[in-house]
Amino acid sequence: MEFQHICVPSTGEKIQVQEDFSLLVPDQPIIPFIEGDGIGVDVTPPMQAVVDAAVAKAYAGQRKIAWMQVYAGEKATQVYDKDTWLPQETLTAIKDYVVSIKGPLTTPVGGGIRSLNVALRQELDLYVCQRPVRWFTGVPSPVKNPGDVDMVIFRENSEDIYAGVEWKAGTPEADKLIKFLREEMGVNKIRFTEECGIGIKPVSAQGTKRLVRKALQYAVDNDRSSVTLVHKGNIMKFTEGAFKDWGYQVAAEEFGAELLDGGPWMQFANPNTGKQIIVKDVIADAMLQQILLRPAEYDVIATLNLNGDYLSDALAAEVGGIGIAPGANLSDSVAMFEATHGTAPKYAGQDKVNPGSLILSAEMMLRHMGWVEAADLIIQGMEGAIAAKTVTYDFERLMEGAELLSSSEFGAAVIAHMD
Ligand SMILES: NC(=O)C1=CN([C@@H]2O[C@H](COP(=O)(O)OP(=O)(O)OC[C@H]3O[C@@H](n4cnc5c(N)ncnc54)[C@H](OP(=O)(O)O)[C@@H]3O)[C@@H](O)[C@H]2O)C=CC1
Ligand SMILES: O=C(O)CCC(=O)C(=O)O
Ligand SMILES: [Mg+2]
């Protein structure tokens, strides 16, 4: 394929998706990467160094990633033109090459471009945002027993208020919609109808079920003990409440779940292990308390887009912060791995921040590709570097007797602990 600015490495090959959605991974797969805005320049090179070292060590040079830079965000405006934030060929490459990884991208608050991160997820229909949250021994934490925090968030990634269906206060569009709601839908509960911004929250059965199905299947495949549907259905009955109902429905119809003690909780036996998997639900605000007070009771979480965004940062804080929390955006075929944190502009270019989040996102990527041995080496390297108290500023400021490392030095420390 001919690209305008993307240079396809001559040595690598494409990963292929088979009919059953399993991957055919060549020994030299081409992996597109977006460096990212802000601290993207600080975290992406250590991530690549760590991945290259892990792959080289695990497969004695038989396998190697051929990195292919693709552009989005501020860098795209420099490489293409000042108005091109998300080039079409970036989307094409991410789709065609199947597995990719990205650094954070800036989203201005209020006016200007809508989130490029959200746009990437929507354009490629990456409907699952999977964010595992676990504690590494020695990581500073504000909770008493951070080892109890071991959850995997499945955040719906394509619907909810992230769909971006909203209009600014005072525009003819907002006024028109408010007039329609009042005059044709009998809505009399909009408190101030003038100068009122308005947004729409779409939540569908199809969108909910495909997400919850993935969460339930993950629990089965990984021998997890429960799946919790997190929602605010007491207030938003036909969106968040429906999410809960459709979630239980998938559990019953597709996984054979039955009511537990008369319901609404359900359970079913894991067909692989025979162990019972509980399917339960918790209201979102109560969940933010539960994860602090009783984290051991939660395992896999399935939730809507905005709840998932809040929950992932809150949970990350319990195990060392967003500097170490990884993530993946998945469709049935395409996978784009990305850090949970943003561009942290005040630290940009200082070689200071924690590259752990992107490194662990790459670890998820290698596992997804079936390169488990390399993924295991990365975990070993992270555990070793943290146990040796050789860490970046975010951990160092909270750890007794730690040695302060830069982003790139931390990457090197992870590599040094892969043995
Ligand atoms: N997926 C994406 O690309 C995302 C993009 N964004 C975008 O990023 C921009 C900035 O957002 P903001 O709300 O400031 O959130 P950020 O995640 O960029 O930063 C918030 C704070 O989190 C800490 N932090 C973030 N990353 C790291 C890291 N790698 N290592 C250590 N600490 C870290 C820092 O805390 P401290 O100050 O305590 O050191 C930082 O000030 C916005 O434009 C936002 O839209 C936000 C989230 C996700
Ligand atoms: O795109 C953004 O600016 C924010 C995204 C975000 O917060 C997230 O993905 O967790
Ligand atoms: Mg977020």
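Glycine is no exception: its Cβ is also placed from the backbone N, Cα and C atoms.
Here's what TrEMBL has on this protein:
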type	residues	note
MOD_RES	LYS102	N6-succinyllysine
BINDING	THR106, HIS341, GLY342, THR343, ALA344, PRO345, LYS346, TYR347, ASN354, TYR393, ARG397	NADP(+) binding site
BINDING	SER115, ASN117, ARG121, ARG131, ARG155	D-threo-isocitrate binding site
MOD_RES	SER115	phosphoserine
MOD_RES	LYS144	N6-acetyllysine
SITE	TYR162	site 'Critical for catalysis'
SITE	LYS232	site 'Critical for catalysis'
MOD_RES	LYS244	N6-succinyllysine
BINDING	ASP309	Mg(2+) binding site
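Overlay of TrEMBL annotations on the structure.
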residue : record                          : Cβ contacts under 8 Å, 6 or more apart
LYS102  : N6-succinyllysine               : PHE33, ILE34, GLY36, ALA72, LEU120, MET336, PHE337, GLU338
ARG121  : D-threo-isocitrate binding site : TYR127, CYS129, ASN157, SER158, ASN329, MET336
ARG131  : D-threo-isocitrate binding site : VAL152, ILE153, ARG155, GLY308, SER312, LEU315, ALA325, PRO326, GLY327, ALA328, THR340
LYS144  : N6-acetyllysine                 : none
TYR162  : site 'Critical for catalysis'   : VAL118, ASN305, LEU306
LYS232  : site 'Critical for catalysis'   : GLU240, ILE283, ALA284, ASP285, ASN307
ALA344  : NADP(+) binding site            : GLY38, ILE39, PRO104, VAL353
ASN354  : NADP(+) binding site            : VAL43, GLY321, GLY323, ILE324, VAL391, THR392, TYR393, ASP394, PHE395, SER407, PHE410
ARG397  : NADP(+) binding site            : none
Site extent for NADP(+) (largest Cα pair distance over THR106, HIS341, GLY342, THR343, ALA344, PRO345, LYS346, TYR347, ASN354, TYR393, ARG397, Å): 26
Nearest-integer angstrom distance between the alpha carbons (Cα) of GLY342 (NADP(+) binding site) and ASN117 (D-threo-isocitrate binding site): 10
Spatial neighbours of ASP309 (Mg(2+) binding site) among the recorded positions THR106, ASN117, LYS244, LYS346 [C-alpha, 10 Å]: none
Where the C-beta lies under 6 angstroms from ligand 1, the matching recorded positions among LYS102, ASN117, LYS244, GLY342, ALA344: ASN117, GLY342, ALA344
Mapped DSSP class for LYS102 (N6-succinyllysine), helix or strand or coil: strand
Local backbone state of LYS346 (NADP(+) binding site), from DSSP in three classes: helix
Which of ARG155, LYS244, LYS346, all recorded positions, has a Cβ with the fewest other Cβ atoms inside 10 Å: LYS346
Those binding-site residues in SER115, ASP309, GLY342, ALA344 whose CB falls under 6 A of ligand 3, listed in sequence order: ASP309
For ARG397 (NADP(+) binding site): DSSP state (helix, strand, coil): coil
Entries of ARG121, LYS144, LYS232, ALA344, LYS346 (recorded positions) sitting next to ligand 2, with Cβ under 6 Å as the cut-off: none
Site extent for D-threo-isocitrate, whole Å (max Cα pair distance, SER115, ASN117, ARG121, ARG131, ARG155): 19
Assigned element (helix, strand, coil) containing ARG155 (D-threo-isocitrate binding site), judged by DSSP: strand
Binding-site residues compared (THR106, SER115, ASN117, ASP309, GLY342) - the one with the fewest other Cβ atoms within 10 Å: SER115
Integer Å distance between the CA atoms belonging to LYS244 (N6-succinyllysine) and SER115 (D-threo-isocitrate binding site): 27
Alpha-carbon distance [ASN117 (D-threo-isocitrate binding site); LYS244 (N6-succinyllysine)] in Å: 26
